[in-house]
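Okay, so here's the structure we're looking at.
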Amino acid sequence: MPALVLASTSPRRRELLARIGVMPARIAAPEIDETPLKGELPRDYVVRLARGKALAVARAPDEVVLAGDTTVSVGRRILEKPADEPDLRRMLGLLSGRRHHVWSGVCVVGTDGKARVRAVDTIVAFKALSAAEIDAYVASGEGMGKAGGYAIQGRAEAFVRFLSGSHSNVVGLPLFETRALLSSVGIPLG
């Protein structure tokens, strides 16, 4: 039975894996350049990063590597993690009162060395946010370090008026697709 290596230090991804009864044998922090390429579409961006992260982690012959990447997009514009509070404020202003996409790429490299990748898109619509709501959310610090500047599993859930697709995708790892990929390479599921 292969051992699972999670190519992510995200506590949210570990929590999500635990929901499907999966506990990584090892955690590794992949080192790759996450800068979007000029003109790169959000779907292509997350697929490239997920594959790059999975392949960047050293793997023993009996190990399977799982990596993921999530981003938020408004149209073709990719919203990465906010650099600072003004950037977070700008992102929340862009998301206010509109629909956006949350894209995740998930990649599993099996014991055969083959990379298997899936892309998942969830549509989220935020209510119109007041300046006071944006100020309070920025002050909470919750949006820092999160793609698109918000955590749907936290205070920002109250901003969501519509969601179409995978909720776990918005948290950071689409569980349906992840479960299928892990099963396809022999990782036992709970």
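Glycine residues also receive a Cβ, built from the backbone N, Cα and C atoms like all the rest.
Per Swiss-Prot, the features are:
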{"type": "SITE", "residues": "Arg12", "note": "site 'Important for substrate specificity'"}
{"type": "ACT_SITE", "residues": "Asp69", "note": "active site, proton acceptor"}
{"type": "SITE", "residues": "Thr70", "note": "site 'Important for substrate specificity'"}
{"type": "SITE", "residues": "Gln153", "note": "site 'Important for substrate specificity'"}
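Features as recorded by Swiss-Prot, highlighted on the structure.
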| residue | record | DSSP class |
| --- | --- | --- |
| Arg12 | site 'Important for substrate specificity' | helix |
| Asp69 | active site, proton acceptor | strand |
| Gln153 | site 'Important for substrate specificity' | coil |
Which of Thr70, Gln153, all recorded sites, has a Cβ with the fewest other Cβ atoms inside 10 Å: Gln153
Distance [Cα-Cα, Å, rounded] between Gln153 (site 'Important for substrate specificity') and Thr70 (site 'Important for substrate specificity'): 15
Number of Cβ atoms other than its own within 10 Å, given for Arg12 (site 'Important for substrate specificity'): 16
Neighbourhood of Asp69 (active site, proton acceptor) by C-beta distance under 8 A, where only residues 6 or more apart in the same chain count: Glu34, Tyr45, Val46, Leu49, Ala50, Lys53, Ser104, Gly105
Pairwise CA distance, Arg12 (site 'Important for substrate specificity') versus Thr70 (site 'Important for substrate specificity'), rounded so that it is a whole Å: 12
